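Report on the following structure.
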Amino acid sequence: MSQERTRPGAGTITVAGLAVMNIVAVVSLRGLPAEAEYGLASTFYYLFAALFFLAPVGLVAAELATGWPEEGGMFRWVGEAFGSRWGFLAILMVFIEGCIWFPTILTFAAVTLAYTGSDAEAAQQISSNKLFVLVVVLGVFWLATLIALRGVKSFSQVAKWGGIVGTLVPAALLVGLAAAYLAGGNTSQVELSWGAFVPDLSKFSNIVLAAGIFLFYAGMEMNAVHVRSIKNPIRNYPIAILVAALGAVVVLVLGTLAIAVVVPKGQINLTQSLLTAYDTLLDWAGIGWAGPVLAAMLAVGVLAGVVTWVAGPATGLLSVARAGYLPRWFHRTNRAGMPSRILLVQAAIVTALSVMFVILPSVQAAYQLLSQLTVILYLVAYVLMFAAVIALRYSQPDRPRRYHVPGGIVGVWVIGGCGLLAATLALVVSFVPPAQIEVGSATTYVGLLVGLSVVFVALPFWAYSARRPSWRDETLDFAPFTWQVEAPVDQSSGHAPGSHASRDVMGG
């Protein structure tokens with residue numbers, strides 16, 4: 001049973017390691033072609049989203065993580081503000097969103113691996129083979145799960161070096177070659193002028209697009225669940241967040257423009273245009289032989305991103321499970337201190353979804369539906385997080401915070417409120433069918449999206465109501481919420497009296 005109390009040691013993740021893990025968690029080069037279609041205007045959208053969403057996420061996460069560095073991540077932050085029921089909703093939204101997201105990102109990995117050969121025509125056929133796609137999706141995901149099971153040191157190293165090799169280096173090469181391509185006198189495929197930079201925001205479709213790009217920056221707060229494995233977290237976590245935020249903006253803006261400069265707008269393909277841009281630039285530079293090498297590096301980048309997402313939410317959920325919110329079966333950890341059973345359940349869910357996603361017909365519509373569902377679930381968690389940082393300035397004003405959102409109470413309202421408004425706007429427009437992608441009947445699409453969203457949001461409330469006192473691990477050093485310590489618990493109602501009466505706590 002000693003294995004169940006094992007926890008990764010402190011100091012196993014460095015500032016550089018956490019910064020790269022955050023960049024890898026946020027940045028996916030697979031999403032660049034979708035925005036390259038908008039040319040220079042994509043830069044406006046990225047900067048708009050960075051200002052109104054990424055900056056608030058980074059600043060808010062830094063305050064919450066340094067003010068409440070105990071285990072639990074988003075569960076801890078939201079639970080401190082609104083009670084354990086809402087904290088449980090937040091952490092499960094992130095976990096469920098991840099399970100649904102994995103098959104979509106891994107499909108990109110399969111297409112990328114198909115292009116590691118030298119025969120482009122054969123690669124096209126292989127990438128369209130459903131069996132090949134399924135084998136790659138499951139192979140990469142289970143490999144990522146096995147790496148995560150080896151412990152914090154192992155998966156953080158894979159995420160760090162895999163992110164450098166598979167995301168940062170390919171992105172730098174893409175941007176550098178595109179700049180040299182333009183400097184060599186070649187014609188850009190998009191207009192590079194101020195008029196092309198500012199889109200027409202009077203069009204509703206452009207507002208929908210601007211809100212949709214917010215989630216390009218999702219995940220910056222996720223690695224806060226590893227805060228106790230970071231060297232000097234109160235000092236180093238905000239630094240890592242700042243470095244990662246700046247890195248994410250640079251990679252997304254310049255990477256998207258590099259594709260737009262090289263690939264004609266009418267030929268942009270969501271799954272293959274990134275590789276097309278590389279092939280064009282490498283051929284121009286006289287090193288076309290490096291194409292398969294780049295494809296392999298991109299696949300490594302996907303693995304690094306998946307490892308980060310496999311480990312993060314599962315680690316946060318383990319703390320929540322042991323605090324009494326999930327059955328004891330989920331509490332088990334291996335010798336490395338990793339939540340082995342939660343990781344295996346996650347892998348089983350992803351395996352089932354991947355089989356359905358790859359084998360069933362109408363993949364394009366299913367892909368879009370699943371992608372939007374992940375956006376909606378994650379935004380629910382973000383709405384709660386932004387509301388929490390504002391509420392905690394009032395309910396726990398004297399709580400020591402090594403980092404504060406600047407500007408005092410006004411600043412937290414402006415920055416936290418900006419993030420809250422942005423997340424709410426993005427949540428609303430996420431239900432609007434995309435104009436650029438065929439999804440069949442708009443009514444059916446919206447109906448399915450609303451129905452699935454209601455089911456997945458209701459699931460945590462049902463699970464919370466089913467919890468049992470016997471599920472709590474009494475040997476756990478999981479710190480109670482501040483309001484649980486400051487106010488005695490009414491055993492008959494399970495609620496703290498007075499100002500905390502609405503908060504849900506474990507009766508005990």
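Start at 1 and count along the chain as shown; that gives each residue its number.
Backbone N, Cα and C atoms are what each Cβ position is placed from, and that goes for glycine too.
According to TrEMBL, the protein has these features:
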- 12-32: transmembrane segment (TRANSMEM)
- 44-65: transmembrane segment (TRANSMEM)
- 86-111: transmembrane segment (TRANSMEM)
- 131-149: transmembrane segment (TRANSMEM)
- 161-184: transmembrane segment (TRANSMEM)
- 204-225: transmembrane segment (TRANSMEM)
- 237-263: transmembrane segment (TRANSMEM)
- 293-321: transmembrane segment (TRANSMEM)
- 342-363: transmembrane segment (TRANSMEM)
- 375-395: transmembrane segment (TRANSMEM)
- 407-432: transmembrane segment (TRANSMEM)
- 444-464: transmembrane segment (TRANSMEM)
- 489-508: region 'Disordered' (REGION)
Practice prompt. Mind checking which residues of the chain, 6+ beyond the ends of the transmembrane segment (86-111), have their Cβ under 8 Å from one of its Cβ atoms?
Written response: 28, 30, 72-80, 127, 132-133, 136-137, 140-141, 222, 271-272, 275, 299, 302-303, 305-306, 309-310, 312-314, 316-317, 320, 325, 346, 349-350, 353-354, 357-358, 367, 370-371, 373-374, 377-378, 380-381, 384-385, 456-457, 459-461, 463-464, 504
Response to the item:
For the transmembrane segment (293-321), out of 12-32, 131-149, 161-184, 444-464, most C-beta pairs under 8 A are with 161-184
Worksheet entry | Two-stretch contact, the transmembrane segment (161-184) and the transmembrane segment (12-32), at least three Cβ pairs under 8 Å | yes
Practice prompt. Using a Cβ cut-off of under 8 Å, list the residues of the same chain at least 6 residues beyond the transmembrane segment (12-32) that approach it.
Written response: 105, 108, 152-153, 156-157, 159-160, 162-164, 167-168, 170-171, 216-220, 222-223, 226, 229-231, 236-237, 239-241, 243-244, 247-248, 251-252, 255-256, 259, 271, 274, 298, 301-302, 304-305, 308-309, 312
Item to complete: Residue list, the transmembrane segment (131-149) vs rest of chain: Cβ under 8 Å, 6 or more residues beyond ends.
Response: 102-103, 106-107, 109-111, 113-114, 155, 158, 299, 302-303, 306-307, 310-311, 314, 334, 336, 338, 340, 343-344, 346-347, 350-351, 354-355, 358-359
